[in-house]
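Copied from TrEMBL, the annotated features are:
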REPEAT    45-86  repeat 'WD'
REPEAT    90-131  repeat 'WD'
REPEAT    400-441  repeat 'WD'
Amino acid sequence: MPFELKHVFASLPQMERGVAKVIGGDPKGNNFLYTNGKCVVIRNIEDHSQFVNCIRFSPDGSRLVTAGADGQIFVYDGTTGERVSSLGGEKAHKGGIYALSWSPDSSQLISASGDKTVKLWDVGAGTAVTTFNMGSDVSDQQLGCLWQNNHLLSISLSGYINYLDKNNPDRPIRTIKGHTKSIQCLTVHKGDGRSYIYSGSHDGHINILTYVISLTPASHYWDAETGENDSFSGKGHSNQVSKMQVDEANDLVTCSMDDTLRYTSLSKKEYSASDVVKMDSQPKSVSVSGGFTLAVCIGQLVLLKDKKKVFTLDNLGYEAEVGVIHPGGTTAAVGGNDGKVHLYSIQGNTLKDEGKTLENKGSITDMAYSSDGAYLAVIDDKKVATAYSVADGYSVKNEFYGHHAKPVSLAWSPDNEHFATGGMDMMVYIWTVGDADTRIKLPDAHRLHHVSSLAWIDAHTLVTTSHDATVKQWTIKY
């Protein structure tokens with residue numbers, strides 16, 4: 001049999017004896033499969049000049065529509081399969097059509113196209129009732145659509161979901177934004193009575209999420225009840241956002257694989273070309289405290305103040321992986337692949353190596369000071385978490401074991417008594433500083449990929465993210 005079905009482009013959930021239903025289409029050309037309830041039939045559509053991307057029966061089964069890469073939509077009799085008409089004359093769209101969806105009463109349908117428009121059609125008249133213009137950028141191409149009860153939705157190439165407005169076709173009622181690539185980092189910042197969650201992904205995109213307890217939708221933002229959110233306007237990082245923190249000036253400080261640090265005002269929510277610091281080598285980590293920013297880059301440490309470099313330390317003798325500044329702003333701790341935490345004092349605008357190191361079991365993957373500065377927690381690639389008591393000269397307070405694979409992220413609870421770690425084993429542990437045997441385990445926190453970052457909203461609410469491009473919120477009960 002020469003026919004080969006590789007992908008299913010359309011399917012219907014129910015079968016009715018004697019009524020034709022589409023099973024699937026051939027991605028190479030114009031063949032599609034349908035069944036009349038007794039047998040499967042291979043049918044060839046010769047009307048399209050290019051690939052058929054979508055086939056949909058009307059809800060009442062009376063009509064079948066096809067859409068192709070040639071920008072055409074054809075209507076067929078649902079029983080005989082004979083062509084009835086075409087929509088929009090010679091071409092329904094100026095670009096390829098990727099999706100179709102019928103109205104519940106089978107009288108209208110919507111189509112999504114690469115020409116960055118969605119069209120609402122009167123099938124009987126064969127004409128477009130409304131054209132929704134979704135933008136001019138490449139990412140505004142429309143790849144999917146859905147007519148669900150009274151709601152018209154489309155999906156952009158950017159991954160955004162648009163709620164279309166028949167009365168205002170150039171402005172969606174609502175747009176649900178989010179990450180389409182793996183999320184690398186996140187942080188939480190409180191302001192205006194809300195907790196704002198910022199997350200950065202592999203493609204340089206930064207998303208803003210707002211956590212509110214009330215059921216009232218927070219305009220332009222995501223919350224736990226409505227899923228609304230926003231992102232910064234303008235041009236931001238061009239590559240992976242690796243780390244982020246919020247400084248005392250309410251700027252989101254981010255470092256990226258595009259070899260830059262960015263300071264973005266949280267009040268303006270707009271990228272600024274003047275607040276970009278070009279680094280000599282790729283930054284891996286960023287930490288802020290006491291008016292300083294510490295950037296750990298490949299082969300060097302960089303201290304910044306007032307968004308400018310004030311000190312650079314080269315020839316470290318080890319490869320630095322992550323760095324944090326003590327809340328007091330007087331000490332910088334830098335973890336290396338040599339399994340040591342190196343302590344530096346901040347004197348004026350310089351870093352001075354104090355010659356003191358903290359021995360760990362393996363290469364340091366992440367670390368953080370508690371907000372009160374009493375403890376430094378460190379995780380390494382030997383699956384060990386270690387808490388050091390700062391006041392006692394960085395003596396070991398406790399060691400914690402539990403991860404089955406390398407832990408890569410760490411965050412302190414606001415209560416300064418617990419900290420969370422996430423690892424390549426897709427698990428999250430919440431540890432108690434004073435008791436290594438008291439712990440809370442969240443198995444398979446992200447089933448599709450490892451936990452890449454964590455942050456606390458409050459002492460009982462933890463946020464995690466992953467390379468699965470999701471952000472999850474957890475309620476922790478001790």
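Cβ atoms are placed via backbone N, Cα and C, with glycine included.
Nonlocal intrachain contacts for the repeat 'WD' (400-441), taken as residues 6+ away from its ends with a CB within less than 8 angstroms of a stretch CB, comprise 365-372, 374-375, 377-381, 383-387, 447, 449-456, 458-459, 462, 464, 466, 474, 476, 478.
Summarised by DSSP class, the composition of the repeat 'WD' (90-131) is 0 helix, 23 strand, 19 coil. Mean pLDDT across the repeat 'WD' (90-131) comes to 95 in this model.
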